[in-house]
Each structure stands twice: as structure tokens, then as C-alpha cells.
Amino acid sequence: MRFIVRRLPLSPSVQPLHAVTYLLAVPLFSIAFLVFLNSSLSFLLTNRFHVPSKNLGNIVGTLGFVDELVAIVAAPLWGVISDGRIGTRGVSSIGYFTIALSLVLFVEIENVYPGLIFGRILFSLGAAAVTTMVSAILPEMTHPAVDEDSPVPVAKPPATGQLAGLVGLFTGFGALLALGLFLPLPTRFSKYHHVTPAQAVQISYFIVAGIAAAIAVWCYFGLPPPRNPSGSSAWRNIKTWVWTRIWGGDPVFVAHPSLEDGRPQKKEQVSGIQGLLAAAKLAVTDGRIGVAYVGGFVARASSVGVSLFIPLFVNHYFVSRGLCKPTVPELSKDQCNKAYILASTLTGTSQLTALLLAPFFGLLTDRLHTTPYLRNVPLILSSILGIIGFTLFSLLPSPSSPWAFVFAALAGASQIGAIVSSLGLLSRGIVETTSTVTTNGGESAPLLGNGSAGSTDVGREAFKGSIAGVYSLFGAGAILLLTKAGGKAFDSDVGAPFWMLAGFNGILAIAAVGNGIWTWIAEKRR
């Protein structure tokens with residue numbers, strides 16, 4: 001295991017257990033549970049709550065709107081919390097336990113409003129925690145290694161694009177896990193004559209909730225413990241006080257290794273609100289981070305578009321044409337199962353394409369990062385694929401058309417390109433750059449360049465959780481718009497959400513091309 005981990009694009013200081021837990025538990029299962037809920041939600045509404053097809057889009061959109069409304073607040077807060085004593089490990093464990101509890105509530109409550117609303121709020125809190133940790137832990141795994149053979153210690157550039165590609169690969173595995181194992185569970189249980197479709201969905205949710213709880217325990221024991229930036233603890237403070245105040249000793253002898261002259265190094269301390277403000281300002285002061293935020297906006301929206309609206313499109317098609325009648329399960333059980341299978345096959349095609357192309361986008365991101373005006377090419381490519389794929393999918397008359405699989409594959413390629421490329425830009429922007437953050441609570445301190453009095457040089461890793469939180473915040477904003485507006489428009493035009501996704505990709509293309517041109521002009525002027 002150690003031999004395999006050392007061949008991965010990770011920092012040499014990363015322990016194998018931490019690396020394996022991060023890759024298998026965080027990006028893989030965070031996406032798996034999201035895809036499962038989004039893909040099965042419309043079937044839950046029709047089979048358990050008997051919602052008519054004409055109201056499916058509005059209800060699914062409202063639930064998604066509530067989900068992202070919570071995520072907009074929760075994602076930055078989880079990022080700030082992960083920068084503190086709880087750390088990324090604690091946030092990940094709490095997130096998965098919350099997901100497990102919410103999945104149980106989804107099938108135990110008896111009404112859509114307010115029952116499902118409360119369940120979706122709880123799920124959103126957990127999902128915001130684990131998805132934010134995907135990008136928050138990434139810099140810990142790619143911290144630059146020092147070249148010991150060099151006469152002057154030089155930090156080797158981290159292979160963030162390759163690791164981002166690896167993370168994208170595991171998110172693809174997670175989506176396939178959800179579509180190949182979790183989503184077909186209701187069809188397997190419904191084969192038993194005494195099990196109704198509603199009961200099959202309920203059993204499936206219980207099983208997936210149990211898996212989420214197990215992952216929470218795994219994260220607690222498998223992820224790296226929280227780092228205390230100040231190097232202090234209650235017990236250390238007591239020892240220092242006794243040694244210096246009672247015995248009159250030199251504080252150097254009881255100082256933490258990360259302390260100098262017995263005093264904390266302030267350059268690595270950033271409070272919660274300061275970190276959030278600094279992370280938000282980076283969208284304007286650092287074009288690389290700004291484009292990464294827009295990439296996160298499109299990546300999260302595309303993920304929901306594939307996992308939520310494609311199954312909704314399939315379910316709506318079968319129910320509206322009378323091919324699946326949840327109110328008469330004994331007469332249409334086979335047809336309803338076909339809807340499950342078609343939905344999982346289409347989304348599976350999309351996610352399989354994403355899985356296969358994740359390494360390509362990771363390598364492309366790493367190859368082009370050394371040329372600043374070309375580093376956005378992977379995002380431009382993914383946005384073009386998204387514009388084509390989502391536009392053509394919106395024009396399909398039937399989800400069973402062979403072209404549906406082609407357009408779903410293009411959507412998957414666009415999705416993984418946005419995920420991998422934006423994560424690569426974000427992570428490299430964190431580990432390669434030092435910013436300036438005010439230490440006196442003011443908001444006018446410059447992020448780059450020379451700081452004024454009252455400012456302190458702070459490595460961006462000191463508030464990486466806040467940066468990850470803002471990155472997730474952009475994604476939450478996209479989903480907020482897509483689920484509510486797209487869900488409501490879906491009831492009158494099933495292609496509306498896909499038109500919106502094509503528009504989002506257009507915005508990303510403009511931002512990436514514009515930043516590339518601006519960078520090229522700036523280089524020519526030097």
C-alpha cells in the first residue's frame with residue numbers, strides 16, 4: 001500500500017492512511033451520496049408521496065433551492081471551522097453523520113411540506129461539509145516538497161493538476177457507485193412480491209444511510225488530525241505558565257517546535273471572518289482564483305444537472321405518458337423499473353465519460369500551468385463541450401433516443417473538465433502564493449504586494465478552508481439558481497434546465513478567455 005501511495009502525485013509528508021482515506025472516503029462518497037439523492041428524489045416523490053408528474057419539477061426545484069440556500073451559508077462556515085481546532089477530519093465526520101441521519105428522515109416522514117424540507121436542510125448541512133472538505137484537504141496533500149539535494153533548499157512545484165485529476169477520477173467512481181449500486185437498489189427489492197415500490201425505496205435509503213455512518217467513522221480515524229496553527233493547547237499553556245511564572249524558567253525550553261523564542265508565530269494565524277474576507281477578495285485580486293471560483297460555479301451546476309434533471313426528465317417522460325403509474329404498482333412495476341434503469345444508464349454514461357477523461361484534464365492542467373495565458377485552456381474546452389452537450393440534450397424528444405447517450409457523454413466530459421481544472425487552479429493558487437491579511441480587523445489591507453502597518457504576511461494555506469468555502473459558495477449559488485428557476489420552468493418545458501446549464505458554460509468560457517487575454521497582454525507589456 002505504501003509503495004502505491006508513494007507513486008501518486010502527493011507530498012512525501014503525507015501518510016499512506018491519510019491519502020487512502022482522503023481519496024476513497026471524501027471525493028468518492030461525497031459525490032456518491034449526492035448523486036444517489038438527486039437521482040432517486042423524483043422516484044421517491046412519485047412512489048412514496050404519489051406526487052403527480054405535472055408538479056414534479058416545481059417540488060424538486062424547491063427542495064434543491066432550499067438545499068443550496070442552506071449550502072450558501074453552511075459551506076463558508078464549514079471552511080472556517082475546518083481551519084480551527086476541529087480540522088478537516090472533524091468536519092468530514094460530522095458531515096457524513098448528518099447525511100446518514102437525513103437519509104433516514106427522508107423515508108420516515110409522511111409529508112412533503114415541511115417534512116422533506118427539513119430532511120433536505122439536514123442533508124444540505126452534511127453535504128456542504130463533505131464537499132467543502134474535498135477542496136480544503138487537497139492543499140494538505142500537495143504541500144510543496146523540499147529538494148534536499150539542492151545546495152539551497154528549493155520547494156518542488158506540487159503536481160496539483162495531476163492530483164485534481166485523481167480527485168476527479170474518484171468523484172467519477174463515486175458517481176458510478178451511486179448509479180450502479182445505490183440507485184438500482186429499489187428495483188432489486190421490488191422484485192420480491194411482498195415489497196411495494198414505496199417499501200423498496202425506504203429499504204434502499206436505510207442501507208445507504210448505514211454506509212454514510214460507516215464512512216463518518218472511517219474519516220475520523222483515517223484523515224489527518226487538525227493542525228493547531230498557534231501550536232498551543234490548554235495543557236501546553238499550563239506548563240508554560242508554571243515554568244515561567246513559578247520557576248522563573250526561560251520559555252524557550254517549553255516552546256512548541258513551531259514557536260520561535262517561546263512566542264507564537266503570528267504569520268500563520270487568520271481568524272474566521274478575516275479568512276473569509278481574504279478568500280472573497282482573491283476573486284478580484286488573483287485572476288487564477290477568480291476563474292477557479294467561476295469554474296466551481298459551473299462544476300457544481302453541471303453535477304446537479306446530470307444527477308438531478310436527467311433522471312427527472314426520464315421519470316417525467318414515463319409518468320406523463322402513463323408508462324409508469326405509481327398509484328397502481330402491481331400493474332406497472334416492470335415499466336417503473338425500466339424508468340429506473342434508463343435513468344441510471346443515461347447518468348451512468350455521463351459519469352463513465354467523466355471517469356475516463358478525469359486523468360486527461362488533470363494532465364492538461366499540469367502541462368499548461370507554466371504558461372499563464374494558456375492555463376485556462378482546459379476550462380475553455382470543458383465549457384465548449386458543455387454548451388454543445390446541454391443544448392442538444394434540451395432538444396431531445398425522448399430520453400430513450402440513442403442520441404441521448406451521446407449528449408449525456410458530452411455533458412459528463414464538460415462536468416469533469418470544470419471540476420478537475422477549477423480544483424487544479426484553486427489548489428495551485430493556494431500552495432504557490434503568499435498573501436497579506438490584516439491583523440487589526442480592518443478590511444482595507446492589500447492581499448498582494450507590500451502590507452502596511454498592522455498587516456501580516458500569511459500563507460494562503462492558513463485560510464485554505466475559507467477559500468474552499470467560498471469556492472463551494474459559488475457552486476451553491478449556481479445550484480440555487482438552477483434548481484429553483486430550472487425546476488419551475490421544467491414543468492412547462494423539460495429542456496429549460498439544460499438551456500440554463502449551456503448558458504452557465506457560456507459564462508465560464510467568457511471568463512476563462514477574458515482572463516487568458518488579459519494575462520497575455522500583461523505579459524507582453526513587461
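Positions of Cβ are set from backbone N, Cα and C atoms, glycine also.
The feature transmembrane segment is assigned by TrEMBL to 20-44, 56-78, 90-109, 121-139, 159-183, 203-223, 339-364, 376-396, 402-426, 468-486, 498-521.
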Leading stretch by Cβ pairs under 8 Å, where the reference is the transmembrane segment (402-426) and the options are 20-44, 159-183, 376-396, 468-486, 498-521:
376-396
Please work out whether the transmembrane segment (468-486) lies in contact with the transmembrane segment (56-78), by counting C-beta pairs under 8 angstroms that are 6 or more apart in sequence and asking whether there are at least 3.
yes
Give the nonlocal contacts of the transmembrane segment (121-139) in its own chain as ranges (CB under 8 Å, at least six residues past its ends).
22, 26-27, 29-30, 33-34, 37, 66-68, 70-71, 74-75, 78-79, 82, 88, 91-92, 94-103, 105-106, 160, 163-164, 167, 171, 223, 423, 426-427, 430-431, 461, 464-465, 467-469, 471-472, 475-476
Leading contact stretch, 56-78, 90-109, 159-183, 339-364 vs the transmembrane segment (20-44) - CB distance under 8 Å:
159-183
Non-local residues, at least 6 beyond the ends, that sit with Cβ under 8 Å of the transmembrane segment (339-364):
35, 39, 43, 161-166, 168-169, 171-173, 175-176, 179-180, 183-184, 186-187, 306-307, 310-311, 314-315, 317-319, 323-324, 377-378, 381-382, 399-400, 404-405, 408-413, 415-417, 419-421, 424
